[in-house]
Amino acid sequence: MAAPGNRSEPPQQLPEYNCSYVVSRPVYSELAFQQKHERRLQERKTLRESLAKSCSCSRKRAFGVLKALLPILEWLPKYRVKEWLLSDIISGVSTGLVGTLQGMAYALLAAVPLGYGLYSAFFPILTYFIFGTSRHISVGPFPVVSLMVGSVVLNMAPDEHFLIPGNGTTSNTTVVDSVARDAERVLVASALSLLVGIIQLILGGLQIGFIVRYLADPLVGGFTTAAAFQVLVSQVKIVLNVSTKNYNGVLSIIYTLIEIFQNIRDTNIADLIAGLLTIVICMAVKEINDRFKHKIPVPIPIEVIVTIIATAISYGANLEKNYNAGIVKSIPRGFLPPSLPPVSLFSKMLAESFSIAVVAYAIAVSVGKVYATKYDYTIDGNQEFIAFGISNIFSGCFSCFVATTALSRTAVQESTGGKTQVAGIISAGIVMIAIVALGKLLEPLQKSVLAAVVIANLKGMFMQVCDVPRLWRQNKVDAVIWVFTCVVSIILGLDLGLLAGLVFALFTVVLRVQFPSWNSLGSIPSTDIYKSTKDYKNIEEPEGVKILRYSSPIFYANVDGFKKCIKSTVGFDAIRVYNKRLKALRRIQKLIKKGQLRATKNGIISDAGSPNAAFETDEDIEDLEELDVPTKEIEIQVDWNSELPVKVNVPKVPIHSLVLDCGAISFLDVVGVRSLRVIVKEFQRINVNVYFASLQDHVMEKLEHCGFFDDHHRKDTFFLTVHDAILYLQNQVKSTKGEDSILETVNT
């Protein structure tokens, strides 16, 4: 019942809600509540009924499934031609120009000829246009994924496999057969794309889109930063035009750096100058684009401008002939006929394929969700798996390497006004023009310029390092995950680094569940609010009662920790107390048998003429099993909190009840249920009752299914809230006022 509150408050304090409430209801145990309020009967369908329902078909359902598998049927009929078409055309042209250059540049990372990067920037868009659910992402090569592809390609088709005798005068000279090597690497890359697509399609068909949730943001941040560092090292040698071996695996980046510095004298000055100028100009103009994006209607396509100028300079100055600069040389014109890659290679790349499939999907979905949230629409994670799976299968048959989305290309598509995937299909048209007609014009372009374009686009990934101090302030575990994943990915390589980072992240989750937070609770006076006694002042603990809130599931891995939390809350060990009491009772019983003590209905008294032999040291107590306990039943009343007639150190038990707040317990397993039974029994033996509060319904069902309840574990010890349990206990204390609640009757 609401009532207006007091509005007179100090001006500097936070305002209070101007209402309060008073609730009058009975104290409910779980048993009383279920007796008064009938639960709904949950209809459990048989497997046959579930299969029949899922396999049933109607016209409406068939059309819904078709639209889910082909999202183009959902958004294309609603396309606003007059409002969106011009924006999509402008966006598509801008994105296509950037995509053309990035496709060639990222082919360097994938270790395939540059022309195949153009194919990889074209074919995946065609199928994603039909099957994808994101309206803004630009599909194609991405540095991290391209580098992972390149590591597989270099591992399976290294230069050493294609050495042929040279034409020199000495018989020991060998050269690399670059034609055969490049052809083999294209086959490996396309087979990898096909296998990645198959894995993604299977995961999407099995509705396993949730798998990306295990790649936490700190893990992805550390991984992509490490990948950016590896991309940087791999492109530096191209900017310098220094030849090195193609290292792969553990410490490969260290070996590459060492060899770069060993051969740095061979640096080509023309390539170095072109690369450095490209990096500086691209990064400067990109910064201008970011700072003045609200004033500039279309971002300056600096990569395109720099490439055109660099190509013209290289052609006019004949840099290859005059300065021995490394240029693109040849770009295939037109398209290759589709062919199935060799599936015999699948067994050699299965583990790497799974890593690439998950990483490529995670990057695409995380970028897609950013823009979906910004423009108020949703993307289907499982459908994205299917869309990228089909795209990579289709692209693999056209000699492409694995596709996902690139952050910079997607930013260009969105910032230039792209509204739908029509912008994507137009960008594919621009790439197609480059493949068919413009490839010949780009042959004089220096490779160092393309490498510099790649490096300039790494700024966003390197800036993720700035997240570490913020993560450390917010959550130190997340910061450690970020740093650990980054370091191991640099040292071990991207595939092993991702696996190690994932295992470490899951390990931190296990630790947090195994050692959760717990609190001893007290009540704010005259309210039903219970807070931690450590965190709040003026908290009252009910007399003779301890309240424990445990914030974790109870299962086999943390039951010992749960017991330690109970011990810390109550201040004693129930098993030790019971054993000490049992020793004391046996000692008392032995002294009664000797006539040194007398047991009466009022307690234990010592005979006046008896020697004080009853007070023996605790160390002299005989083994319990060796004591000759009389079979005659003697009723003994012992006040365990008073001075005992035997010198046995029995811990004091200042409470009569323990209340467990189980509101944060999400599940129990069989070991957890068994442990709860044991805990209740241990406390009952020392005359302390255990009560449970705030259990969720499914946890109660688990207790019932595991046979928790019997004569000693009743449902009337389970309460809806902590306050219900405390009110019940206070009422019990009032009804037994005047009696000593600590006295225990023992029959021996």
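A Cβ is built for glycine as well, from the same backbone N, Cα and C atoms used for every other residue.
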Revision key, fill the gap. In TrEMBL, of the candidate ranges 85-108, 133-156, 661-684, the one given as transmembrane segment runs 85-108
Review point. Top stretch among 85-108, 219-240, 354-373, 385-408, 420-442 for CB pairs under 8 A with the transmembrane segment (186-212)?
Key: 385-408
Point to revise | Range from 219-240, 420-442, 480-507 with most C-beta pairs under 8 A to the transmembrane segment (85-108) | key: 420-442
Point to revise | Same-chain residues near the transmembrane segment (219-240), Cβ under 8 Å, at least 6 residues beyond its ends | key: 108-109, 143-144, 147-148, 150, 253, 256-257, 260, 264, 267-268, 271-272, 275-276, 326, 359, 362-363, 366, 447-448, 450-452, 454-455, 458, 461-462, 464-465, 467, 481-487, 489-490, 494, 497-498, 501-502, 505
